[in-house]
Amino acid sequence: TCVWGFPSSLWVTADAAPAVKKSRVYYGSLEEKERERLSSDIVSGTATGSDAVKAGIEAGNINISSGGSQIIEDRVSERQQEALAEFERRRRARQITVSTDDAEVKAGLRALGEPITLFGEGPADRRERLRGILSVVGPDALKKSRKDEERAKRSQDECQQTWYHEGSTSLKDSRLWLARYSLPRAMRRLEAARAQRDIAEATRTIRQQELHKSLRNLNNFCSQIGDDRPISFCHFSPDSKMLATASWSGLCKLWSIPECNLIRTLRGHNTNVGAVVFRPQAGLSLDQSDVSLASCAADGSVKLWNLESDEPVADIEGHSERVSRVSWHPSGRFLGTTCYDNSWRLWDLEVQEEILHQEGHSKGVHDLHFHPDGSLAATGGLDAFGRVWDLRTGRCVVFLEGHLKEIYSLHFSPNGYHLATGSGDNTCKVWELRNRKCLYTVPAHQNLLSAVRFQPTDGHFLLTGAYDNTAKVWSHPGWTPLKTLAGHEGKVMGVDVSPDGKLIATSSYDRTFKLWLSE
């Protein structure tokens, strides 16, 4: 159909869209009108207006173009652009399908990093909010976030899986040797426990009361200035006749017991010594020239010493960061070291090589102690978790979770099934290894615990040292406080009980060590 009443050249069909009229802007001169204006306004000398224009053009003073035009595109204002974008977003939102299950809607909002609910918001409002968010970020964003979440969960599950790789022949031989060594010792320990159980209850109670009475009478027997710097560690020899101390000056010293006379100064470390420990048979079945002590320092150095020289007889190399503790296996064949590279290592001194480099902690490993049978090793560190490892299989058999801060010390009880841990949360926890749970939490001190030790003979008391300048003695079992060993002017950094159970040693930040004896 046509609309009549217009010339044929202007016929418009009903289906045709109206033509868009585009505005024009003119630039340059408008030819004749410009010439007329110039001729009327410019008169110079005797020349007429047209002659003046010509003269100006020839002189280059007047430039008259032939004229032209340029089409200006229609500019849409910013407000119009925003309105169009909003219309387009609403159109996309209408096309997005959103679940009507409120739980799925909340899960989608959580996956997109949005709050799952707002104040006063109902399920329908929440669904519309999710639809609006998806119209902006795109409907594929939810699928992508879910894929990322599944991928992260899958990788986390893979990280938690236990995996194994083939070890060396020396490690296999060591594990077999450890099994043959530990099983007879476990049998003897169980036989002794059965014999102890057969003793009358009244007799056991009397012995326990006598022990508690002697512990309450503990007094300072000797105090000795040990070095120019804080004394970080102390350890009795197996025959209870010597005490080894380690200092931040880099020196280790041997002292006679109970006279506290200096026997020898061990020189070799250049920085803070973290620990010095006697080999289990030192002074008993070993010669003076055999390796009898091991020490470690903050620069990662580990040194072995004998009882004849003040120079180290060997260095154990391979640690890249601080080695905080060393510990001898009960057999005296193996040496364990803990390192701040989140691992601990086991060295076989017979073959003179590292046989195990064990990871498992997420932060630095601070302390290590071996089970009396020689079958297990307990480690604890800066991640606040403890682990008990079976040396015969390599598995982590007990995971100790409960401390709020770093674990600085661990010690097995002679009974074989209790383990004490001292932590930076000011508590000492006693763990029952048979059911893998925390037996009791001792609110021991007012500052972090630096050392815990069970009585080495029967385990009838527990000794703790802390940064509140005191050491304390606790009954076992019962965990009642028996004696507070006060007298140090600085933090107590190390404690030990002599193998015969008669003496207690404490070393401190005040550069002294003290011996405590029951009168």
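Every residue gets a Cβ built from N, Cα and C, even glycine.
Remember, TrEMBL labels are computer predictions, not curated facts.
Among the features that TrEMBL reports, coiled coil is placed at 183-212. With a cut-off of 8 Å between Cβ atoms, the residues of this chain six or more beyond the coiled coil (183-212) that come close are 330, 372-375, 415-416, 460-461, 475, 482.
Averaged across the domain 'Pre-mRNA processing factor 4 (PRP4)-like' (100-152), pLDDT in this predicted model comes to 80. Annotated domain 'Pre-mRNA processing factor 4 (PRP4)-like' per TrEMBL: 100-152, in sequence order.
Taken from TrEMBL, the feature repeat 'WD' applies to 266-315 (among others).
Annotation comment: TrEMBL describes 316-357 (among others) as repeat 'WD'.
Cβ atoms under 8 Å from those of the repeat 'WD' (358-399) belong to residues 162, 164, 167, 175, 178-179, 181-183, 185-186, 189, 321-322, 324-331, 336-346, 405-412, 414, 416, 419, 421, 423, 431, 433, 436 of the same chain, restricted to positions at least 6 beyond its ends. Among the features that TrEMBL reports, repeat 'WD' is placed at 358-399 (among others).
The DSSP breakdown of the repeat 'WD' (400-441), given as helix, strand and coil counts, is 0 helix, 23 strand, 19 coil. Taken from TrEMBL, the feature repeat 'WD' covers 400-441 (among others).
Residues in the repeat 'WD' (442-475) partition by DSSP class (helix H, G, I; strand E, B; coil) as 0 helix, 19 strand, 15 coil. According to TrEMBL, the feature repeat 'WD' maps to 442-475 (among others).
Feature annotation from TrEMBL assigns repeat 'WD' to 485-519 (among others). Counting residue by residue with DSSP, the repeat 'WD' (485-519) contains 0 helix, 21 strand, 14 coil.
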Residues of the same chain, at least six outside the repeat 'WD' (316-357), with any C-beta under 8 angstroms of its C-beta?
167-168, 170-171, 174, 177, 181, 185, 274-275, 277-281, 286, 291, 294-304, 363-370, 372-374, 377, 379, 381-382, 391, 394
